[in-house]
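A.B. asks: Features from TrEMBL:
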DOMAIN    8-167  domain 'Peptidase S26'
TRANSMEM  12-31  transmembrane segment
ACT_SITE  SER40  active site
ACT_SITE  LYS81  active site
TRANSMEM  185-210  transmembrane segment
Amino acid sequence: MQQTGRRWFSVILTAGIVLFLASVALVLLRYQPFAIPSSSMASTLQIGDRVLADRWDTDAQRGDIFVFNASLWGAGGTEIKRVLGIGGDKVSCNAGGPLLVNGEPVLETYLPQGGSGSTVSFDIVVPAGRVFLLGDNRNSSLDSRAHLDQSSGTIPIASIQAKYSATIYPAAHASIFPTNGFIKVLFGGVAAGLLLSVLAGFLLIGQWLLGKLARKQ
(Lines of atoms letter the chains of each structure in order from A and count residues from 1; the text may use other names and numbers.)
(Lines give C-alpha, C1' and ligand atoms only; values in the text may rest on other atoms or scores of the structure.)
Protein backbone atom coordinates (compact mmCIF):
# COMPACT_ATOMS: atom_id res chain seq x y z
CA MET A 1 0.00 0.00 0.00
CA GLN A 2 2.83 2.34 0.91
CA GLN A 3 4.59 1.54 -2.37
CA THR A 4 1.40 2.29 -4.34
CA GLY A 5 1.02 5.61 -2.54
CA ARG A 6 4.57 6.58 -3.42
CA ARG A 7 4.03 5.64 -7.06
CA TRP A 8 0.93 7.89 -7.29
CA PHE A 9 2.86 10.59 -5.46
CA SER A 10 5.54 10.49 -8.19
CA VAL A 11 3.03 10.43 -11.06
CA ILE A 12 1.03 13.41 -9.76
CA LEU A 13 4.17 15.39 -8.93
CA THR A 14 5.53 14.86 -12.46
CA ALA A 15 2.17 15.77 -14.08
CA GLY A 16 1.89 18.91 -11.97
CA ILE A 17 5.38 20.08 -12.87
CA VAL A 18 4.86 19.38 -16.59
CA LEU A 19 1.53 21.26 -16.67
CA PHE A 20 2.99 24.20 -14.77
CA LEU A 21 5.98 24.48 -17.12
CA ALA A 22 3.71 24.10 -20.17
CA SER A 23 1.46 26.92 -18.99
CA VAL A 24 4.41 29.22 -18.37
CA ALA A 25 5.90 28.38 -21.77
CA LEU A 26 2.57 29.08 -23.49
CA VAL A 27 2.27 32.52 -21.95
CA LEU A 28 5.93 33.45 -22.57
CA LEU A 29 5.98 32.28 -26.20
CA ARG A 30 2.60 33.59 -27.27
CA TYR A 31 2.10 36.78 -25.30
CA GLN A 32 4.01 40.04 -25.36
CA PRO A 33 3.88 42.03 -22.11
CA PHE A 34 3.34 45.74 -22.61
CA ALA A 35 3.13 48.67 -20.19
CA ILE A 36 0.67 51.43 -21.14
CA PRO A 37 2.79 54.60 -21.48
CA SER A 38 0.14 57.30 -21.92
CA SER A 39 -3.52 58.21 -21.48
CA SER A 40 -4.28 57.87 -25.21
CA MET A 41 -6.33 54.70 -24.65
CA ALA A 42 -8.19 55.87 -21.53
CA SER A 43 -10.52 54.84 -20.16
CA THR A 44 -10.07 51.37 -21.66
CA LEU A 45 -6.40 51.29 -20.68
CA GLN A 46 -4.80 53.48 -18.02
CA ILE A 47 -1.23 54.74 -17.66
CA GLY A 48 0.82 52.05 -15.96
CA ASP A 49 -1.51 49.16 -16.79
CA ARG A 50 0.33 45.96 -17.64
CA VAL A 51 -1.25 44.08 -20.52
CA LEU A 52 -0.67 40.94 -22.55
CA ALA A 53 -0.82 41.07 -26.34
CA ASP A 54 -1.13 37.98 -28.53
CA ARG A 55 1.79 37.64 -30.96
CA TRP A 56 0.01 34.85 -32.85
CA ASP A 57 -3.11 36.85 -33.67
CA THR A 58 -2.45 39.80 -35.98
CA ASP A 59 -5.62 39.44 -38.08
CA ALA A 60 -6.89 43.01 -37.87
CA GLN A 61 -10.63 43.51 -37.43
CA ARG A 62 -12.51 46.71 -36.59
CA GLY A 63 -12.53 47.29 -32.86
CA ASP A 64 -9.39 45.27 -32.10
CA ILE A 65 -6.61 46.91 -30.10
CA PHE A 66 -3.06 46.35 -31.35
CA VAL A 67 0.51 46.91 -30.27
CA PHE A 68 2.37 48.07 -33.39
CA ASN A 69 5.66 49.43 -34.66
CA ALA A 70 5.25 53.22 -34.70
CA SER A 71 8.45 54.01 -36.62
CA LEU A 72 6.48 55.04 -39.72
CA TRP A 73 5.01 57.85 -37.64
CA GLY A 74 8.45 59.01 -36.56
CA ALA A 75 7.97 57.60 -33.07
CA GLY A 76 10.42 55.27 -31.43
CA GLY A 77 9.40 51.85 -30.16
CA THR A 78 5.83 50.62 -30.06
CA GLU A 79 2.39 52.09 -29.47
CA ILE A 80 -1.07 50.70 -28.79
CA LYS A 81 -4.26 51.90 -30.51
CA ARG A 82 -7.66 50.66 -31.68
CA VAL A 83 -8.37 49.67 -35.30
CA LEU A 84 -11.33 51.64 -36.68
CA GLY A 85 -10.82 50.98 -40.38
CA ILE A 86 -9.45 48.14 -42.49
CA GLY A 87 -8.63 47.97 -46.21
CA GLY A 88 -11.38 49.51 -48.37
CA ASP A 89 -13.21 51.22 -45.50
CA LYS A 90 -14.26 54.86 -45.75
CA VAL A 91 -13.66 56.41 -42.32
CA SER A 92 -14.86 59.95 -41.60
CA CYS A 93 -15.87 62.30 -38.83
CA ASN A 94 -16.91 65.91 -38.39
CA ALA A 95 -15.18 67.48 -35.39
CA GLY A 96 -17.27 66.83 -32.28
CA GLY A 97 -19.52 64.35 -34.06
CA PRO A 98 -19.72 60.55 -34.21
CA LEU A 99 -17.22 58.44 -36.12
CA LEU A 100 -18.58 57.05 -39.39
CA VAL A 101 -17.33 53.87 -41.07
CA ASN A 102 -18.69 53.33 -44.57
CA GLY A 103 -21.28 55.99 -43.84
CA GLU A 104 -22.63 54.29 -40.70
CA PRO A 105 -22.15 55.77 -37.20
CA VAL A 106 -20.06 53.62 -34.87
CA LEU A 107 -21.39 53.05 -31.35
CA GLU A 108 -18.21 53.70 -29.37
CA THR A 109 -19.19 52.79 -25.82
CA TYR A 110 -15.51 52.71 -24.81
CA LEU A 111 -14.97 56.46 -25.27
CA PRO A 112 -14.47 58.53 -22.08
CA GLN A 113 -17.66 60.13 -20.83
CA GLY A 114 -18.53 63.11 -23.02
CA GLY A 115 -16.00 62.10 -25.68
CA SER A 116 -16.74 62.43 -29.39
CA GLY A 117 -15.60 60.55 -32.48
CA SER A 118 -12.85 63.08 -33.13
CA THR A 119 -11.70 66.55 -32.20
CA VAL A 120 -10.73 67.19 -35.84
CA SER A 121 -12.55 66.52 -39.10
CA PHE A 122 -11.28 63.93 -41.59
CA ASP A 123 -12.54 61.81 -44.47
CA ILE A 124 -10.32 59.01 -45.77
CA VAL A 125 -10.38 55.64 -47.50
CA VAL A 126 -8.14 52.96 -46.03
CA PRO A 127 -5.79 51.46 -48.66
CA ALA A 128 -5.68 47.68 -49.05
CA GLY A 129 -3.35 45.93 -46.62
CA ARG A 130 -3.41 48.81 -44.15
CA VAL A 131 -5.38 49.87 -41.04
CA PHE A 132 -6.61 53.17 -39.58
CA LEU A 133 -5.91 53.52 -35.86
CA LEU A 134 -7.32 55.80 -33.16
CA GLY A 135 -6.82 56.11 -29.43
CA ASP A 136 -9.97 55.84 -27.29
CA ASN A 137 -9.13 59.15 -25.62
CA ARG A 138 -9.61 61.25 -28.75
CA ASN A 139 -8.72 64.48 -26.92
CA SER A 140 -5.27 63.18 -26.02
CA SER A 141 -4.09 60.75 -28.67
CA LEU A 142 -1.53 61.10 -31.45
CA ASP A 143 -2.91 58.56 -33.88
CA SER A 144 -3.84 58.22 -37.57
CA ARG A 145 -5.44 61.68 -37.51
CA ALA A 146 -2.03 63.26 -36.92
CA HIS A 147 -0.56 61.59 -40.01
CA LEU A 148 -3.26 62.01 -42.65
CA ASP A 149 -0.65 63.16 -45.17
CA GLN A 150 1.05 59.74 -44.95
CA SER A 151 -1.13 57.11 -46.65
CA SER A 152 -4.22 58.74 -45.09
CA GLY A 153 -2.80 58.12 -41.62
CA THR A 154 -2.82 54.35 -42.03
CA ILE A 155 -0.10 51.83 -41.25
CA PRO A 156 0.64 48.52 -43.02
CA ILE A 157 -0.72 45.39 -41.38
CA ALA A 158 2.90 44.13 -41.36
CA SER A 159 3.65 46.77 -38.68
CA ILE A 160 1.26 45.07 -36.26
CA GLN A 161 3.12 43.12 -33.59
CA ALA A 162 0.40 41.71 -31.33
CA LYS A 163 -3.28 42.01 -30.42
CA TYR A 164 -4.27 43.15 -26.94
CA SER A 165 -5.81 40.24 -25.06
CA ALA A 166 -5.90 41.06 -21.36
CA THR A 167 -4.97 43.48 -18.62
CA ILE A 168 -3.13 41.68 -15.83
CA TYR A 169 -2.08 44.54 -13.53
CA PRO A 170 -3.22 46.24 -11.38
CA ALA A 171 -5.77 43.74 -10.08
CA ALA A 172 -8.52 46.40 -10.10
CA HIS A 173 -8.14 46.74 -13.90
CA ALA A 174 -7.69 43.03 -14.67
CA SER A 175 -9.86 41.89 -17.58
CA ILE A 176 -9.98 39.86 -20.78
CA PHE A 177 -10.67 42.02 -23.82
CA PRO A 178 -14.29 41.44 -24.94
CA THR A 179 -14.14 41.08 -28.73
CA ASN A 180 -15.92 38.86 -31.23
CA GLY A 181 -12.97 36.54 -30.73
CA PHE A 182 -13.69 36.22 -27.01
CA ILE A 183 -14.27 32.47 -27.06
CA LYS A 184 -11.01 31.93 -28.92
CA VAL A 185 -9.14 34.18 -26.49
CA LEU A 186 -10.78 32.57 -23.47
CA PHE A 187 -10.13 28.95 -24.34
CA GLY A 188 -7.15 29.18 -26.68
CA GLY A 189 -5.18 32.03 -25.23
CA VAL A 190 -4.49 33.76 -21.93
CA ALA A 191 -7.05 31.79 -19.97
CA ALA A 192 -5.72 28.52 -21.36
CA GLY A 193 -2.38 29.25 -19.74
CA LEU A 194 -4.07 30.31 -16.52
CA LEU A 195 -6.27 27.20 -16.57
CA LEU A 196 -3.21 25.00 -16.95
CA SER A 197 -1.54 26.80 -14.05
CA VAL A 198 -4.59 26.26 -11.83
CA LEU A 199 -4.79 22.59 -12.82
CA ALA A 200 -1.09 22.18 -12.08
CA GLY A 201 -1.66 23.79 -8.71
CA PHE A 202 -4.43 21.32 -7.87
CA LEU A 203 -2.21 18.43 -8.90
CA LEU A 204 0.61 19.66 -6.70
CA ILE A 205 -1.78 20.04 -3.76
CA GLY A 206 -3.03 16.51 -4.44
CA GLN A 207 0.54 15.29 -4.49
CA TRP A 208 1.15 16.90 -1.10
CA LEU A 209 -1.96 15.27 0.38
CA LEU A 210 -1.02 11.85 -1.00
CA GLY A 211 2.44 12.29 0.46
CA LYS A 212 0.98 12.92 3.91
CA LEU A 213 -1.27 9.88 3.61
CA ALA A 214 1.63 7.70 2.48
CA ARG A 215 3.71 8.77 5.49
CA LYS A 216 0.88 7.83 7.88
CA GLN A 217 0.69 4.28 6.52
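Using the three backbone atoms N, Cα and C, a Cβ is placed for every residue, glycine included.
Help me see these features in their spatial surroundings.
C.D. replies: Mean predicted confidence for the domain 'Peptidase S26' (8-167): the pLDDT average there is 91.
Residue environment of SER40 (active site) contains 22 other Cβ atoms, counted within 10 Å of its Cβ in all protein chains. In the three-state DSSP reading, SER40 (active site) counts as coil.
In this structure, LYS81 (active site) is part of a beta strand by DSSP. The Cβ neighbour count for LYS81 (active site), using a 10 Å radius and every protein chain shown, is 24.
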A.B. asks: In whole Å, how far is SER40 (active site) from LYS81 (active site) when you measure between their Cα atoms?
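C.D. replies: Computed Cα spacing between LYS81 (active site) and SER40 (active site) is 8 Å.
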